[in-house]
Structure formats: structure tokens, C-alpha cells
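Asker: Pasting a structure here, questions to come.
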């Protein structure tokens, strides 16, 4: 249940970001979440709603973009989807010198500010390519 | 009015920064941190008891910090080795964070400590995501836990720089398939060393101390594939092991006196939602 610590860290970061200046309420937070990040989306959502209570993020939506794990083997050039549990040994040359191309993301990529209810938020919502879990 | 702001902020950046500065600060003081992770009951404490006693007998200045949700049993056991030991009670929190470790070390870590062993909360999920400023991350699994443990907890095993199998004395009775275990470790973390130990029989005792001293002496620890995140991955929490360990600290060990008086300290960690409480 480190999702609560992660949710608290997210709220701290958002409230401290200079981008929050002049806009009180944050109505949505966009998060890139890697398949290998070790974070459960459902649990994070639950914790996020609790962590937001009493802050400028109260009631904010958490938009999670899932990022699949991918690895690349530098020596042989192979690139593959790691899957879960991940295959981090090169399936082509069986070498152990690969590096992760993606999959460990745990990154806030955007905020939506809105004072009061408005329709603009929904318009933006659609422009963000978010795959809900 | 509605405004959209694009950001690129790793959520665990604060922990990673604290871990990075703690690593730099401790390195400057000549201390190398070893972070031990495993499920509850895997034998972290038994292994550590043997390693601390060995270090003490060889005059290597070591210290240990052990984290649990409750009780000071582990610190009592470890303190028998005659080295400085501190118990941290997390009051329910499932992992340690770098800031918490830094606070615990303040005013406690004896000067001249060569190795600080941190026995993390028994948990293979949460502690895996938190860099504590260690230079060696060790993951333990006992022979009774099943060969597929590395696949079930890929983040923990995938980020290990050394894997220690414990309770090898009962491997046969437990039907432990060493080959299968090694293959599973290899899948999530190719190249990491897997060593077999039995604290009860004393087999493999000293391997951890030896490895930790090598890293403290400047030898580069294993770099797991999972920690090798390319520029595009934006992980930000590859536990900061992108630096090279080129520090070789001359040590006179003239401070042996500081280690001659074992003491146990108990503190409750303070973190978000965890009230600070003194047990001393």
C-alpha cells in the first residue's frame, strides 16, 4: 500500500508547482504510469481521492495513461514488449545488456485548472489521449 | 476559465533527490549503505546477525538500522553482535523512505561507520520503489518461498544488485528447485549474482559483508536492466544508480571506541500520516 505515499507525493508536487499560481482549483491531474512501476492504478485512484481532500485538488480527477514495458538490447538491436512478469533477458541473443525503453514511468504530465464548473474541461479531456484502467 | 498545464515531473523525484543527497553525504563520510529487502520471515535478521558479528570480529565498523511496524525484537537480536543498532518503528507504514532514513541517522550514526545495513520493512512490494541512498540493494528469498517468487515480485527482484537465498539447510526438505529459481531471477534481472546461505549452518556467512566492502571500496555494483532506463522512459526512480562508485575512502578505523559500546535506539519514523513518537 505504498500507493498512499505516492498519492501524497503527487498532491505535494502539484500544490508546489509554480504552474498552480493564479489558479486555485485543480480539476484533473494527468499521470503516466508504467507497467513495471509497481503501482496499482485502482489503489492509486482510491488513495489519490483521499490525499486530495482539503487541498486545491479536492475532487480532482486522476487521468492515468498506461505505458507498456518495452526493452531494447543494445548489442543486437532487438526491441520487445517486456510483458508482466517482465522478460528482461534479450529474447533474440539471450544477452543481459538490455535497457528499458519504457515501463517504469510514474510521472505527472499535466494539470487542468478550472475555477468552478465549466465545459472547457471536458473539451480538453477529450484531447488528452487517456486510456482509463 | 480553464487552463491546461503540461508538466514533466517524476512523482518520486523528491525521494530520489533526498536519496541522492544522502548517498553523497554518507559517501563523503565514508559510509556505504546496504538496503536489505525481503518478505517477512525470510531471514533478514538471522543473516544480518551473523554478518554483523563477523564484521565486529574483524574490526570493521558497521551499524544496522532495522525497520518494523512494531516491536523492538529485531534490534535486540542484532545488538548482540556488539555493534550500534537502531530500531525504527514505522507505526504501520509498509516501507522506509530516504527522508525518514536521513532523519533517523541524524545524531545517531557513529562517525567512521564503514557499512550501514538497513533492514527494510518485511515486504517485497512497497520498499522496492524507494531508493534509500544505498549503494547496494540486496533482496533475500528463503527456500520455502517458492521458485517463482522473482516472477511474482518482479520490481523487487528486478532491481536487486545481489540476490541471497536463505535457509539453504532445509532446501531439500522444502523441495527447493535452485535451477528454476535462478532461471526466474535471470528472466527479470539477467546478470545479478545469486548466492546460497544458511544462517543456521553458517554457510555463506561473510558473502554479504565481502560484497558490501567491495562496493564500499569502489567496485561497481551490478546494474539491473530494470534500473537502466533510457532517456525516453522518464522513470526518474531508477534509484539513482546511474552514478559510478569510484570513491575509495581511506579508513584509519581509529574510531573503534565508538563501536565498542553496543547500544540500541528505538524511534518511530515520521512520514506523511505517521506521527512522530519517541520510544527512548
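Just so it is clear, glycine is given a Cβ too, placed from its N, Cα and C backbone atoms.
Please treat TrEMBL annotations as automatic predictions, because they have not gone through curation.
Okay, so TrEMBL annotates it like this:
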BINDING   A:2  Ni(2+) binding site
BINDING   A:73, A:76, A:90, A:93  Zn(2+) binding site
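If you look at the structure here, what lies around each of the features I listed?
Answerer: Spatially close to residue A:2 (Ni(2+) binding site) yet at least six residues away along the chain are A:39, judged by Cβ distances under 8 angstroms.
Around residue A:76 (Zn(2+) binding site), a 10 Å sphere centred on its CB holds 15 further CB atoms from the protein chains shown.
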Asker: Using the recorded Zn(2+) site (A:73, A:76, A:90, A:93) as reference, state which further residues of the same chain have their Cβ within 8 Å of the centre of those residues' Cβ atoms, listed in sequence order.
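Answerer: For the Zn(2+) site the neighbour list reads A:75, A:77, A:78, A:91, A:92, A:94, A:95, A:97, A:98.
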Asker: If I restrict to non-local contacts, at least six residues apart, and a C-beta distance under 8 angstroms, what lies near residue A:90 (Zn(2+) binding site) in its own chain?
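Answerer: Listed in sequence order, they are A:71, A:73, A:75, A:76, A:78, A:80, A:96, A:97, A:98.
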Asker: Go through the binding-site residues A:2, A:76, A:93 one by one and keep only those whose Cβ is less than 8 Å from a Cβ of chain B; report them in sequence order, or 'none'.
Answerer: A:2
Asker: Taking the Cβ of each of the binding-site residues and counting other Cβ atoms inside 10 Å, which one has the highest number: A:73, A:93?
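Answerer: Of the binding-site residues A:73, A:93, the highest Cβ count within 10 Å belongs to A:73.
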